[in-house]
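First the structure, in the form of structure tokens, and then the observations on it.
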């Protein structure tokens, strides 16, 4: 009876004296013993980054919880990754030793590609070799007596075993035969594996219905209900998910990651360069009652005037007055319209100079910050010193139209010597503008507010001076200058002259050339 058993390899040399003389029992006993006696070997396998959400193609490695040489068990934390939708903790599906971490922290890892290499015990090769040889020798007996053997085996202590779902050492061929489905390559999420572990379910016997042949939570619950006796029916318990291994940060779940637009990149580079400039700030209140009256008169005139061309302005804003007053003040304080030239500066006419120099511009190309669909753009009006307020207003209107249509060119943007920013149509009063890196000064204006102020009056009959509280329209002018070459007194004098032009627009017109 035992003659055909001699084909087994020498390492499977068993004593059969304790085995029942029943032929059927001998066959099944040998089959089970040969299954458990396989020699252990090791193999290196990749641990891939699983698909953690629909549409996610890559994740950033935030933190590694392990290092090379660490021994992992199932459900141990491996790393924390962040996608554009969530922060997720990745847990281990294997028991083994880490041999390589493929990515460093802050690296981007693609979904479906290896995160690390892990060495695990490989028992499949020995099992498969032994099962093939056993099956060839015993196929006739198994085919004719399969059901009888399994029935007898279940009642025999020698061949009955308790299968641990998560231990591959205890998988019996009898268990496989009693299930309709078996798959040794299981794909599932950590939450599903945790649910299966808590309910002693071997996921290899669960028929998957999820995407890419994945086992889902519903698959496990259906398997539990199907496998249990009616009296042992298992109700799904929400407490099973309290230890869910994927932690989602609510604050990051609504975040969206996108690349900087070309305009944002330009602003990023410009403002980063501006960080090296020590800013000196100066602010002052300007009473613009007289300016408002002049503007109203001009707008009445423009409204009555028949436009010669289609784009001729019919209304003037405050900004052209600010631009012209700035230019007139720069004539008195030209250092604020200069720029610094550093050694080997390509823009300098004397790039071979070993010293830092000041380059004075004899022209006033004053840029104005514009909020456009593409982002912040700063076109400039060329040669403001030689233009009237109405000419400035017309050119400003043309630039704004081009900006709205996305038609500004490089020529509109280059060559600026001074910058102004006006956000009065949005709001704000006290502002802190940032100097453009190739300039020395910048100005910013917010909303004109009507506030109570003290004004001195003189009685025409008695000549007695007194102060009265009156409502005034106040504009706050905000200036920042490069304190490496511009002293505070110069900026204060410049701002005071600018203030005098706006508080007395007649004087500004009288000083125009």
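Cβ atoms here come from the backbone N, Cα and C positions, even for glycine.
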Stated TrEMBL location of region 'Disordered', expressed as one of 129-176, 177-224, 225-272: 129-176
Secondary structure content of the domain 'Lipoyl-binding' (44-119), with strand meaning DSSP E or B: 0 helix, 40 strand, 36 coil
DSSP helix/strand/coil residue counts for the domain 'Peripheral subunit-binding (PSBD)' (187-224): 23 helix, 4 strand, 11 coil
